[in-house]
Amino acid sequence: MEVALPNVPTKMQHPFTKYSEWKFKLFRVKSLERRPSEEETEGSEVSYNSSQETYPKSTVVLEDLSLGSAPQSPTNFKPQQSEKSNVVDNHETDLKRLEEEAHITVIQQLCRICGASFKMDQQNRSYPVHGPVDSETHDILRRREKKVTSWPELISKVFKTDVRADVDTIHPTQFCHNCWTIMNQKFSNISSEVYFPHNQAVEWTPHSANCYVCHSSKPWGKRKSAPQLNPHKMKKRKRGPEFVKKSKTSSGNSIQWKNMKAFNQMKDSCKKIHLDNNLLVLDYPSDFVKSVSCLVCEHILSDPVQTSCKHLFCRICILKYIKLMGCYCPSCKYPCFPTDLTVPVKSYLNVLNALLLKCTVSGCDEEISLGKYSHHISKHKETKGKEVYAHINKGGRPRQHLLTLTRRAQKHRLRELKMQVKAFADKEEEGDVKSVCLTLFLLALRARNEHRQADELEAIMEGRGAGLHPAVCLAIRVNTFLSCSQYHKMYRTVKATTGRQIFQPLHALRNAEKALIPGYHTFEWRPPLKNVSTRTDVGIIDGLSGLNQSLDEYPVDTISKRFRYDAALVSALKDMEEDILEGLKAQDLDDYVSGPFTVVVKESCDGMGDVSEKHGSGPPVPEKAVRFSFTVMNISVPNKNGPVRIFEETKPNSELCCKPLCLMLADESDHETLTAILSPLIAEREAMKTAELLLEMGGILRNFKFSFRGTGYDEKLVREVEGLEASGSLYICTLCDATRLEAAQNLVNHSITRSHCENLQRYEMWRSNPHHESPDELRDRVKGVSAKPFIETLPSIDALHCDIGNAAEFYRIFQLEIGELYKNLSATKEEKKRWQATLDNHIRKRMNLKPIMRMNGNFARKLMSKETVEAVCELVPCEERQAALTELMDLYLKMKPVWRSSCPAKECPELLCQYSFHSQRFAELLSTKFKYRYEGKITNYFHKTLAHVPEIIERDGSIGAWASEGNESGNKLFRRFRKMNARQSKFYEMEDVLKHHWLYTSKYLQKFMNAHNNLKNQGFTVDLDNPDLEQRLESSMESLESMEF
């Protein structure tokens, strides 16, 4: 960098014109007149451009600044006025420009926030004040759900400094790594040794004659300048003592001095409320005394709190210190905020409360432990108060009645009485002040013959008040889909209308729901579960917890919340505790049977499309969701004559028993995301297969074993999790190895051959190709396995999706029969669309069935009926085709109950026996009358319906009971809970939906809700004295039930 001085004499040219990075070589031109500070002292002013004054001749002195000091400001020196005023003006302009450039160069090497030099950091790291935050900070803010994306916003939040209106000539444009670390540490849990060097951010001012940045007397680090080259040319004026320059304290030091003064006053005031460590009875080591003393006031700790750097203070002392001196630890200068303060561990508090102290009351020589010291002192005050207490009215305003006073005045007037009641409660009732006061109130009511209020108070004291049980209120809130705010409004309305607390407040409901959410009950596994924590107080966790860090190469863009599988099963069993104990009694078994109980669990998983919401903050995630749930199907216990079933789910396809386990905003087709979320859950499931659960139930420790059956999957998801090709594959079935052609040629005679273990073996063969076969030969060997299976499913048929798939095929057959495709196999697409429109219009008129874009369960149930076939036959001209179509539907309706019923052996034994005959006749019709459609091909669900139903029922006893219908119904609840009961945030809404859905499936709450509904149906009302209030309460309850939230 070269600097030229135009219009400057040759003798004033600088010998060096290049500047290094750390050293500046500047001219200093000094005049023989006084400095500006001296002129201010003497009360005179001198103007540079004044033509009326005569300036003596100046000399040029070259000064070399030492390393690390700021360049000397040329404003301390005045050039001599020459004979030509324009030359002087040019000199002044050039010097001002040079000093402003030097000022800007200096401030660009300083931090905008704390003013520290970047050279203090060995790596010379700095960050721009204006602009977006860096990637590391952005990730931290994203995890903490902060919307801040730029440095000015973040600096404003952390340091309370607005940098948006900064000017480059006044303010630095960079900040240091120390301030960057403080900002990151504010929003993360990572601690590091960093502290803010000042109590407040530096205030920057424009460059002036007394600029503390450029001037040699800057407040943070003045260094002695190099010796002058020509000291004999400088003339020092003699000055009297009245002109000696007073040392000026900077504004920062003044503020610090005031803060220190306030801090000392605070320490003095602590003597009145805190105990000095000289009161300790024993002669403890000095280090121990320090460990039990506050590091601010140096007294014994009172209400101790611990900072994140593990230092201990009195709560009031550290809060006052932070307010006065800044948010950092007084001991180590580590950043410390009031929200970071925590209570020390209980063992330390026990040691602290056990310290023996001398009583400060004169005449008392007792030695009291610190924990009982306040109680001991209160006894002295009580004794003194009894001696001197007497009501004295010294005139002035008359004493008002107690009930007309404010709460603060009531406390003041009743203070002595409160102390006496507390002393009595501590002595006689183990400190139960509430019971003493309630009993006094009860006796006062009885003495005044106010027995009605006394009865109500007594009922409240005994826990049998007129209000509803908190569990009933919680059941009402969950089953009516009320959010917390809606319930609170209803609670206040009913309380204000009736004057009674019929419903319980929200905090009572939250206490009730804690015992119903997983993570409340303690349990143990033998042997301990592999790779699963032994903690039992685990509630809702992030869906990605337990995921290996090696998966960071694939970004998982999803939000997922789940329960830990074992904790969820424990909570479900405790929720069914009454049912299990009643089952033992019903089977004439002893109540103290310890097991082992065998619990059979049905697992279901399904994807949901289009769950997008207009609201919610957070990262962009797919607008699809996946739900994983389970249902406890039955529980059995071994007996002499074999296992005895003590519990069986009566409605296995109800949404009331299908408990949610995991929710995620993801696409079920995204194999990587699905694997990342469900793999930890599946690992917990595999670990539980070989372990026994020890759980206390009915006061006895009992053993439980679990059997998991993955049957609630549709065909698409089965192929996804078992590593099979998609549903359009050549290999048509997920239960056997038949190809589509083999299934069409032999419609009935097939058996289940696939299994999870075999799919794993075939995947290894597909991956390694040990026989070095061609792709077609290898595919034929592995029978359609193309990915690694990661969830074990039971080879079965999902009854709900079987209905939907078969109904879609019948819907297609109806269209083709209307168009008589058997006559003309080369029909165009326009003709087929016309046939579909004709069918839709006809069944809309006759059956009131509106056409839909995608087949669902309700449409399938209405479509598959005799009425529908009769309506379709009106559009089929040929009577022979009408008879074939009617017979085909009749056979289907005879087969359907076999796979739809929960127990076909009890519900439809005749149809179960005739199933093979009906399936043979159904297959015969397809291969003859409907040969035009099923020659050489067959649909997936027709194949499963005709070939595999008898074998599955023989193995499991039912197909319908193991269907995914409960999980499908849970999908509707997911949408409703997300809309009504969840916070509007992508992170928190999943947690809220999971919690509310779990409470909705609680059998404990369902019993309370059923009992409440029975009482309401029987005409049960609250016994109120005022009939008008009763009518208003009933009308408010009716309006509540009629509300559509």
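The backbone N, Cα and C atoms fix where each Cβ goes, glycine too.
The annotation region 'Disordered' is assigned in Swiss-Prot to 33-55 (among others).
Marked as compositional bias 'Polar residues' by Swiss-Prot: 44-55 (among others).
The region 'Disordered' annotation in Swiss-Prot covers 67-87 (among others).
Annotation source Swiss-Prot lists compositional bias 'Polar residues' at 69-87 (among others).
The region 'Disordered' annotation in Swiss-Prot covers 222-253 (among others).
The feature Zn(2+) 1 binding site is assigned by Swiss-Prot to C270, H274, C297, H299, with similarity to another entry given as support. Of all Cβ atoms in the shown protein chains, 21 besides its own fall within 10 Å of the Cβ of H274 (Zn(2+) 1 binding site).
The DSSP breakdown of the zinc finger (294-333), given as helix, strand and coil counts, is 11 helix, 8 strand, 21 coil. Per Swiss-Prot, zinc finger is recorded for 294-333 (among others).
Under the heading Zn(2+) 2 binding site, Swiss-Prot lists C294, C297, C314, C317. Cβ neighbours of C317 (Zn(2+) 2 binding site) (same chain, under 8 Å, six or more residues apart in sequence): M266, C270, C294, V296, C297.
What Swiss-Prot lists as Zn(2+) 3 binding site is C309, H311, C329, C332.
Long-range contacts of the zinc finger (355-384) within the same chain: residues 275, 279-282, 292, 300, 419-420, 423, 426, each at least 6 residues beyond the stretch ends and with a Cβ under 8 Å from a Cβ of the stretch. The zinc finger annotation in Swiss-Prot covers 355-384 (among others) and is backed by sequence analysis.
Residues annotated as Zn(2+) 4 binding site in Swiss-Prot: C359, C364, H376, H380. Over all protein chains present, the Cβ of C364 (Zn(2+) 4 binding site) has 13 other Cβ atoms lying within 10 Å. DSSP assigns C364 (Zn(2+) 4 binding site) to coil in the three-state reduction, outside any helix or strand.
Looking only at the DNA-binding region (395-462), the predicted model's pLDDT averages out at 83. Positions annotated as DNA-binding region by Swiss-Prot, on the basis of sequence analysis: 395-462.
Cβ environment of E968 (divalent metal cation binding site): D606, L800, G857 lie under 8 Å away, each six or more residues apart in the same chain. Residues annotated as divalent metal cation binding site in Swiss-Prot: D606, D714, E968.
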Intrachain C-beta neighbours of H311 (Zn(2+) 3 binding site), sequence separation six or more, cut-off 8 angstroms: L295, C329, P330, S331, C332
Those binding-site residues listed as C270, C309, C314, C329, C332, and which of them has the most Cβ atoms within 10 Å of its own Cβ: C314
List of residues, in chain order, with Cβ under 8 A from that of C359 (Zn(2+) 4 binding site) and at least 6 apart: D365, E366, E367, I368, H376, I377, H380
Cβ packing number for C294 (Zn(2+) 2 binding site), 10 Å threshold: 27
Inter-residue C-alpha distance, C309 (Zn(2+) 3 binding site) and H299 (Zn(2+) 1 binding site) (nearest angstrom): 20
Nearest-integer angstrom distance between the alpha carbons (Cα) of C364 (Zn(2+) 4 binding site) and C314 (Zn(2+) 2 binding site): 27
Same chain, 6+ residues apart, C-beta under 8 Å of the C-beta of D714 (divalent metal cation binding site), given in sequence order: D606, D798, H801, S964
DSSP-assigned states of the zinc finger (355-384) in counts, ordered helix, strand, coil: 15 helix, 6 strand, 9 coil
Residue distribution over DSSP helix, strand and coil in the DNA-binding region (395-462): 50 helix, 0 strand, 18 coil
Other C-beta atoms that fall within 10 angstroms of the C-beta of H376 (Zn(2+) 4 binding site): 15
DSSP three-state assignment for D606 (divalent metal cation binding site): strand
